[in-house]
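Peer 1: Per TrEMBL, the features are:
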type: DOMAIN; residues: A:6-77; note: domain 'Glycine transporter'
type: DOMAIN; residues: A:94-168; note: domain 'Glycine transporter'
type: TRANSMEM; residues: A:6-23; note: transmembrane segment
type: TRANSMEM; residues: A:30-51; note: transmembrane segment
type: TRANSMEM; residues: A:57-79; note: transmembrane segment
type: TRANSMEM; residues: A:91-112; note: transmembrane segment
type: TRANSMEM; residues: A:118-139; note: transmembrane segment
Amino acid sequence: MSLIKILEILAILVGAFSGFIEARSKRMDVVGVFTVAFITAFGGGTLRDILLDKRPLFWVTHQEYAILIFLLALVAVPAIRTLRKIISERLIVVADALGLGLFSIVGVSQALEAGMPIFIASMMGVITGIFGGVLRDIVCNEIPMVLRDGKPYAICSFGGCWMYLLMQKTGVPPDFSLWTSALAIVVARLLTWHRGVRLE
Amino acid sequence: MSLIKILEILAILVGAFSGFIEARSKRMDVVGVFTVAFITAFGGGTLRDILLDKRPLFWVTHQEYAILIFLLALVAVPAIRTLRKIISERLIVVADALGLGLFSIVGVSQALEAGMPIFIASMMGVITGIFGGVLRDIVCNEIPMVLRDGKPYAICSFGGCWMYLLMQKTGVPPDFSLWTSALAIVVARLLTWHRGVRLE
Amino acid sequence: MSLIKILEILAILVGAFSGFIEARSKRMDVVGVFTVAFITAFGGGTLRDILLDKRPLFWVTHQEYAILIFLLALVAVPAIRTLRKIISERLIVVADALGLGLFSIVGVSQALEAGMPIFIASMMGVITGIFGGVLRDIVCNEIPMVLRDGKPYAICSFGGCWMYLLMQKTGVPPDFSLWTSALAIVVARLLTWHRGVRLE
C-alpha cells in the first residue's frame, strides 16, 4: 500500500468522526449521521476530483471505506452519548489537525500529478483539506467555522502545501516531502491553536 | 418510451411540485420558485451524473422537461395560494413517496449500468432519491429534513435499492425488478409514515 | 485578447468585490474573505463548466486571476473598513449589474458553443450570471437574495440571454450581439432597480 493511500485512509476516519459529532449535536438521526460523516470525510477529496475531472472517485473504487463509515454510523449514534463524556475537546482538535495535514498534502500532490499550475495546486491542497468541514457546516446550516473563527487553519494548510511544492521543485524525495509537509501542517495548527493565535 | 424514462418523468413532476411549495413557504419570488423546483426535481439525478461523470445530463438532452418546469413555475405562484387550501399534507406525502421510489430505483439501475460496485450503486440510488430534497432545503436555508426528522425515508430508499440489486443478481427480469422495488419503497415510506415509526 | 476574455475578467473582479463585502459583513476572517470572494467570482462559471463537463476550468488555465483575488483579499480586510464609508450602495448595484450582464452573455455563448439546445443555453447563461451570488449566500448561511427579493435580476439575465440567442439565429455579428445583449441586461437591471419594479 502506497504512502498516499495510508494518509488518505487515516484522514477519512478522522473526518467521519468529526461529522458524527457535528450531526449528533444537531440532533440528526442515523441517516443524517451517516450522510454528514460521509460528506465530511469525502467532501474535500470529491470536490477536488470533480474540479480536476478525475474519475472514478476515491470512494467509488474503494467501496470498503464507504461501507466502513456506514457501519461506524450504526454504532456511532448510541456510542457518541457515552463517548462525548470521555473524549475531550483537545483530542478532537488533535485528530482534526491530523486530518487537515494528511488531506492537504494528498490533495496538493494529486493536483500536481494532474498537471495543475503551482498556485492552483496549492489551492487544491487547501480545498481537499478544508472543504469536508465547509460542506459539513453548510449541510448543518452553519456559517463554515473555518471561514470565520479567525484561527489559522486554512492558512496552516496553505503554508504546508507550499512547503511541499517547494520541496518538490528542489528535488527532495517525494516520500520525505509528503511526511514533513503534512507534519508541518499538524504542528502549525496545534501550536497556533494552543497559543490562541488569531488572524484578522 | 422505455420504463426508466416514464419513471423519471413522473418523479421530476413530483419533485418540482415539492419545490414550488417549499419556495413559496419561504416567500420566494417567481425566480426562486423556478430555481428551487428545478433543483428539487433534477438535483439528485444531476449530482449522481456528476459523480458518475455521465454527460449530457438528463435535463440537457430533454430540454422539454426544463421548459415544462419553467411554465409550471409561472402558473405556480398564483395557483399555489388556492391549491394549498385544497391539497392536504397527506397528498403531498403520497406524491413525495412516489418520487422517492421512482428516483431511487432509476438511480441504482443507472449506477449499476455505469459499472459501479454494488454498495456504491445502492448509495447512488439513495442520493438520486433524496438529494433533490437535501439541496432544496440547503438553498432554503434549512437543515435538510431527511437528515433529522427520524422518519424512515432514506432508509426506505436504501432497502428498496438493495431489493433491486438482489433481484438483479438472482436473474429476475429487469422490468419486474424495477417496478416491484420502486413499489416496495413507496409502500414502506407510506406505512412507516402512517404508523409514526421513528428512528434514533 | 478576445472580447469574451475581457468580459470575463471584468466580471470576475466585480464578483470578488461583492464577495469581500458580504464576507466582512458576516465578520469572516481573511480566509473567509478570500473563499467567499473566490466562490462569488468563479462559482457561476465553475458550475456551468461542471454541468457542461468542460475542462480545464477558466481559473485553472488562468491562475493569475486566482492569484489576483488572493492578493486583493489580503488588502481587502483592512481596506473594506474605510472603503465602506466611501462606497455607496448605488455603486455596488452598478458594479453588480455590470457583472450580471457580462457573466450571463459569456455563459450563454459558451453553452451554445458546447452544442447545448437553446433553452438550456439560456439557462446556462442565467446560471453563470447568478450562481456566484447564490453560492455566496449559501456559504454565508442566507437564503439567496436573488431568489427572494422580488426584484428583476435573474429575469434581466434571462431576457438578455434570449436577445443574444435571437441575434445569433438571425445572423447578427457575434461581437455586436455580445455587447448589445450584455448592455441590455445592465440597463434593464439598473432601470428596474431604480424604479423599484417588483415581481410576485
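Cβ coordinates are placed from backbone N, Cα and C, and glycine is handled just like the others.
Quick caveat, the model's predicted, so the values are computed rather than measured.
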Peer 1: So which residues does the transmembrane segment (A:30-51) touch in its own chain, when a touch means Cβ under 8 Å and the partner is 6 or more beyond its ends?
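Peer 2: Counting only partners 6 or more residues beyond its ends, the transmembrane segment (A:30-51) has Cβ contacts under 8 Å with 8, 11-13, 15-20, 22-24, 57-59, 65-66, 69-70, 72-74, 76-77, 103, 106-107, 110-111, 124, 127-136, 139-140.
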Peer 1: Can you check how the pLDDT averages out over the domain 'Glycine transporter' (A:94-168)?
Peer 2: 94
Peer 1: With DSSP as the reference, give the number of residues of the domain 'Glycine transporter' (A:6-77) in helix, strand and coil.
Peer 2: 62 helix, 0 strand, 10 coil
Peer 1: Just to be sure I understand, if DSSP states are collapsed into helix, strand and coil, how many residues of the domain 'Glycine transporter' (A:94-168) fall in each?
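Peer 2: Helix (H, G, I), strand (E, B), coil: 60 helix, 0 strand, 15 coil.
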